[in-house]
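Noted in TrEMBL for the protein shown:
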DOMAIN    13-94  domain 'RRM'
REGION    157-197  region 'Disordered'
COMPBIAS  171-187  compositional bias 'Polar residues'
Amino acid sequence: MASTSTASTTDDRRIWVGNLDPRLSEFHLLKVMQKCGEIEKFDMLFHKGGPLQGQSRGYAFVTFTKSSSAMVALEKLNGHVILNRPIAVRLAKNINYDEFERPKPKIEIPALGTGKREGKITREEAIKAIEQKLKAIESQGDDIDFSQPTAGPVIPLIQKYQFNKDRDAKTATTTQRRPYHKTSSGPYSRHQRPKRR
C-alpha cells in the first residue's frame with residue numbers, strides 16, 4: 001500500500017521533457033528547470049552505444065519536490081523554444097511493474113499446431129496432426145490446375161519476365177559499333193607529339 005501512495009505522489013511531480021536539441025547540455029536544461037521550482041531528481045538520457053554514443057537521446061525526466069512546481073513547468077515551458085526547438089513538457093507516466101508479472105494470454109495459431117507444449121507429443125498425436133495437415137492440403141489442392149497447356153509453344157518462365165530481349169538482339173545485329181577512339185582536348189594528339197631526343 002505504501003508503494004502505491006508513493007507512486008501516486010510522484011505521478012504529479014514527475015515530468016517528461018522532450019524534443020530537446022542535441023546541442024543542449026544537461027547543465028543548461030537543469031538551470032531552465034530550476035526556474036520552475038526545487039528539483040528532487042533529474043535524469044537526462046544519453047545513447048550508450050553505436051554511432052551516437054554519448055549524445056543526448058532528446059528527452060529527460062525531472063522530478064520536482066512539489067507538484068505545484070511541476071504544474072508551473074507544464075504551463076510555462078511546454079512549447080518554449082530552446083536552441084531553435086520548441087520543447088515538449090508532459091506529465092511522466094510511471095510504469096506499473098505488477099503488469100509485467102501478470103500472466104500473458106496464450107495465443108494459438110491453428111496453422112502452426114497447438115502452440116508451445118510443456119512436454120513431448122506422443123507418436124499418435126504426431127501422426128494425427130500430419131494426417132490433418134495432409135487433408136487440409138488435399139482440400140485446397142482441388143482448385144489448382146497442374147496440367148500443361150497444349151496450345152502453342154512452351155515459354156520458359158524466365159523469358160516471360162525478360163522485357164526487350166528481342167529488341168536488344170535485333171539492334172545488336174543491325175548496328176555495327178565503331179571502336180572507341182579517345183579524342184584529346186589537349187594541344188597534341190597521340191600521333192602529333194614531338195619525339196624525344
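We count from 1, first residue shown onward.
The backbone N, Cα and C atoms fix where each Cβ goes, glycine too.
Automatic prediction, not curation, is the source of TrEMBL annotations.
Across the range of the domain 'RRM' (13-94), the DSSP-based residue counts are 20 helix, 30 strand, 32 coil. Per-residue pLDDT, averaged over the domain 'RRM' (13-94), rounds to 93.
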